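Peer 1: Attaching a single structure in structure tokens format; questions to follow.
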Amino acid sequence: MHTETIYADSTGDLRAVGEKAADVLRSGQPVALPAETVYGLAADALNPEAVARVFEAKGRPAHDPLIVHIANRDQLRQVADVPEEIEDVLKQLRQEFWPGALTIVLPKTDAVPDSVTSGLPTVAVRMPADPVFRAVLKAFGGPLAAPSANRFGRISPTSAAAVEEELGGRIPLIIDGGASKEGVESTIIKIEHVPNATKPNFHILRPGPVTIEMLKPIGRCKLPGKNRSAEQIKVEAPGQLDAHYAPRTPLRLIEDPADFTPEEGKRYALLTLDGGKKSKMMDAADWEVIEILSPGAGKLPEAAVRFYHLLRKLDGMDVDEIIAEAVPTHGLGIALMDRMRRAAVGSGSAEG
Ligand code: TXA
Ligand code: MG
């Protein structure tokens, strides 16, 4: 299949780009497009054949459900049945974080095909903020299912070039809207109503740009793993237990520099937050290459924007192992550490 790439200037008139994408989507084909988080591979969320093409293009197993992207409240009602007891909280979350990088798991309506939710009674929904994504939603006029636009298990794409590397020849259209603004996938939460409590519980199924610090005023945040069995996590957060975001080159996450001793003759790459004097890793080996996540003053948000790009870059270099240095575990650092851990688990295999 020939893959066409078109450019979208997000500060300009996006109607023509939206219409072109909508034509492809109406024909039941998927379209890769920018989101503020990472690039997505969108398809008509209410058309099972279109959804099947997304799974096929990604090589994604059917048990890993998709996020449904909406443009407005009517579309929210179309895909989700919101229980009365969480209506107020949902309203607060919408007002605070939509459009934006927060995905909320809600009971699904019959309109959503089982293939989108992998047979679950719930659907993950978010309203994206990226102007190109919004223009496509507007032109298409219906909800769009969109996973990240990478082959299953691989590094998420934060540029059109990365999508081309992942899915070129497998999809008809890529919309190039420049680099993703956030750089890591949306935060996914499930709301648990707690009778007689002042606040509900938010189960964080995937940490992301909407941080615990940001969610805390509205609900009590619970990270997975705490008091939850692997089986519970598998049911509530499918696709979140396995290795993900993985480079082909083996990757090791180092939380304590004392744990790392370089082996003679091995070529290592270092991925570090700021490469400053505070980093004990800078002198820990004769690095083949060093990539700094936050060379400016942007710290964790800057690191998130650059993370997948640098991981992909290091994976394309001729080194034996990528050493990722742990980042602080607050704010966006929680999402970064989550991605680094999963990248380490899945790394080093030729197949994924
Ligand atoms: O930022 C993002 O969320 C990007 C952009 C394109 O919007 N999308 C994205 O999709 O990261 P994906 O498919 O790579 O990750 C979606 C994850 C699934 O792996 C699964 O864990 C979770 O969302 N998910 C989807 N539906 C769910 C449900 N009903 N219950 C629990 N988790 C669900
Ligand atoms: Mg993904």
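Glycine too: its Cβ is placed from the backbone N, Cα and C atoms.
From TrEMBL, for reference:
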- THR37, HIS69, THR122, ARG126, ALA146, SER186: L-threonine binding site (BINDING)
- ARG60, SER148, SER156, ARG206, TYR245: ATP binding site (BINDING)
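I would like each feature placed in context: is it buried or exposed, what are its neighbours, and how far apart are things?
Peer 2: In the three-state DSSP scheme, ALA146 (L-threonine binding site) is classed as coil. Listed in sequence order, the residues of the same chain lying 6 or more apart from ALA146 (L-threonine binding site) and placing their CB within less than 8 Å of its CB are LEU33, ALA35, GLY40, LEU41, ALA42, ALA43, VAL54, LEU66, ILE67, HIS69.
DSSP assigns ARG60 (ATP binding site) to coil in the three-state reduction, placing it in neither a helix nor a strand.
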Peer 1: From the binding-site residues listed here (THR37, ARG60, ALA146, SER148, SER156, TYR245), select those whose CB sits under 6 A from an atom of ligand 1.
Peer 2: THR37, ALA146, SER148
Peer 1: Of the residues named as L-threonine binders, THR37, HIS69, THR122, ARG126, ALA146, SER186, how far apart in Å are the Cα atoms of the most distant pair?
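Peer 2: It comes out at 22 Å between the most distant Cα atoms.
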Peer 1: Can you count the other CB atoms that lie within 10 A of the CB of SER186 (L-threonine binding site)?
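Peer 2: If we count other Cβ atoms within 10 Å of SER186 (L-threonine binding site), we arrive at 27.
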Peer 1: When you measure from the Cβ of ARG126 (L-threonine binding site), how many other Cβ atoms are you left with inside 10 Å?
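Peer 2: Other Cβ atoms found within 10 Å: 24.
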Peer 1: For ligand 2, list the binding-site residues among THR37, HIS69, SER148, ARG206 whose CB atom is within a distance below 6 Å of it, in sequence order.
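Peer 2: Checking each Cβ against ligand 2, the ones under 6 Å are SER148.
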